[in-house]
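As structure tokens, the structure follows; a few thoughts come after it.
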Amino acid sequence: CWGPVLRVLVLQAAWALVGGQVRYSVPEEAKAGTVVGRLAQDLGLEAGEAEARRLRLVSQGRRASVEVSGASGALVVSSRLDREELCGKSAPCALRLEVLVERPLRVFHVELEVTDINDNAPLFHAARKNLSIAEFTTLPGSRFPLESASDTDIGANAQLSYTLSPTEYFTVQEENSNSRSKSLFLMLTKALDRETLPVHRLVLTASDGGRPSLTGTMELVISVLDINDNAPQFNQSVYNVHLLEDALEGTVLVRLNATDPDLGAYGDVIYELDTVVPPSASDIFSIDAKGGDIRLTGTLDFETVAFYDLQIKAKDKGTPPLSGHCKVLVEVLDVNDNAPEVWVTSLSVPVPEDAAVGTVVALLSVSDRDSGANGRVRCAVWPASPFGLVSTFAGSYSLVLREALDRERVSEYEVEVRAEDGGSPSLRARRGVRVPVSDVNDNAPAFAQAVYTVLARENNAAGAELARLWARDPDEADNGRVRYSVWEGGAGGGASAGGGWRPASSYVSVDAESGRIRLTGTLDFEDVTVFNFRIEARDKGTPPLSGHCSVELEVLDVNDNAPEV
């Protein structure tokens, strides 16, 4: 029971902006709404810029428990932060977050360290443990292995010490068997007498190093036995085994041997798998009761559990039986059984065809659950142009433009990001990215000819169609939509008639959409025989582009005048 505890939460958001990365720290179990850091300010954004540029976190497949406050741009706690759920026993517990801003698109990397508080009490796997110890023949100084308590906190909050309820017969003792595992023993300090006290009931208490300290207990029930005075003994107290994670079921890990100098049934040894840590792995291993062979009966996965602690008991067939104990430490070795994974975390498409070299098109995240060389990933993009990959952080890449684009040549690219780990043989993953190219108005309309010659009979009625011109513009939408007009700005854009010079528009017009040239009045060969004018083709881009051509109109004579005397 925790009881009422007054807690004062002091957040010290230690941060540093180094190479595009911001670091914060926050204690676990911080309340929702707790400000972790002034993210927008630490990234150099002005007031109100965080919301305008859509400052936000990018999800990487797991719950981050923090979010960006849209108005203030602060990084705040959004849901329960449980360090043990996020990182288990790993220390430090650092969450890698990616933060995006737009206009222009930029990515920042935020490392959030979730610090531990003492919120988990030590826990024994069983509430009670039964022990059988022979009277008199078990000498003071004899030790009996106990299962240590576990505490999911880390650091001082997980440093456990043990005490035993007052007794003159026993004490509790700890021993470091190696850097990963501590052995706990119940040591006899005074010979037992079954006739004086047949059963000892003790309470073993585990206390952690937190402030205030939390505790867990286990009851020890010790039955005092008669006769059979020699317990089986292993030739080693600790066995270390290394096993590849792809080992087949039925593989023998180790053959144990315990001897008992007693005769007959008192010297026959039976082996048992006493406890397994973690307890969920109890079905993965088995032991031959007679031969002492420990076999693999399930599948291993280095990425799930990399270390097992097996407590083995060897007991004889005496009445009552006596037992000896040893520990088997199994270290699982990684094999390359996980292919790299590639995610597209942000995609900025379509890309304008006039985008500058170096423009970021997409952000990608690459990971591999294996460790060591098996988890080191190399990435490449195919085809090699016009895009390339730039590593921005461990496991993070930007897909950037390496060469200039031309939509009229290629309007869309299918890019493939290829990831390969360093295992032997290596495993690979691919992720396709579709990149469409958007149009800009970079092509002016162009006529097939610079000069067109048009023949027209005199006296044609107004509105008669003389010719149809067409200018090609390879741009799309409004950038490629062409309108036509008679251009009065060119030299020679008209004709000299009997009454003086007249502009071309007094003779012809052009349909803005179709490019059809029509007469606006009648022609008289005796007045005008040839005149030149220019046609302009202008697109609807911003700004618009235009092209021109010249038209030479020759008037053909008809017999419309009688002789005069």
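Backbone N, Cα and C atoms are what each Cβ position is placed from, and that goes for glycine too.
According to TrEMBL, the protein carries these features:
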DOMAIN    25-124  domain 'Cadherin'
DOMAIN    148-234  domain 'Cadherin'
DOMAIN    235-342  domain 'Cadherin'
DOMAIN    343-447  domain 'Cadherin'
DOMAIN    448-565  domain 'Cadherin'
SIGNAL    1-20  signal peptide
Averaged pLDDT score, the domain 'Cadherin' (448-565): 86
Stretch-level contact, the domain 'Cadherin' (25-124) and the domain 'Cadherin' (343-447), CB cutoff 8 A, at least 3 pairs: yes
Tally of residues which DSSP labels helix, strand or coil - the domain 'Cadherin' (148-234): 4 helix, 41 strand, 42 coil
Residues in the domain 'Cadherin' (343-447) grouped by DSSP into helix, strand and remaining coil: 4 helix, 57 strand, 44 coil
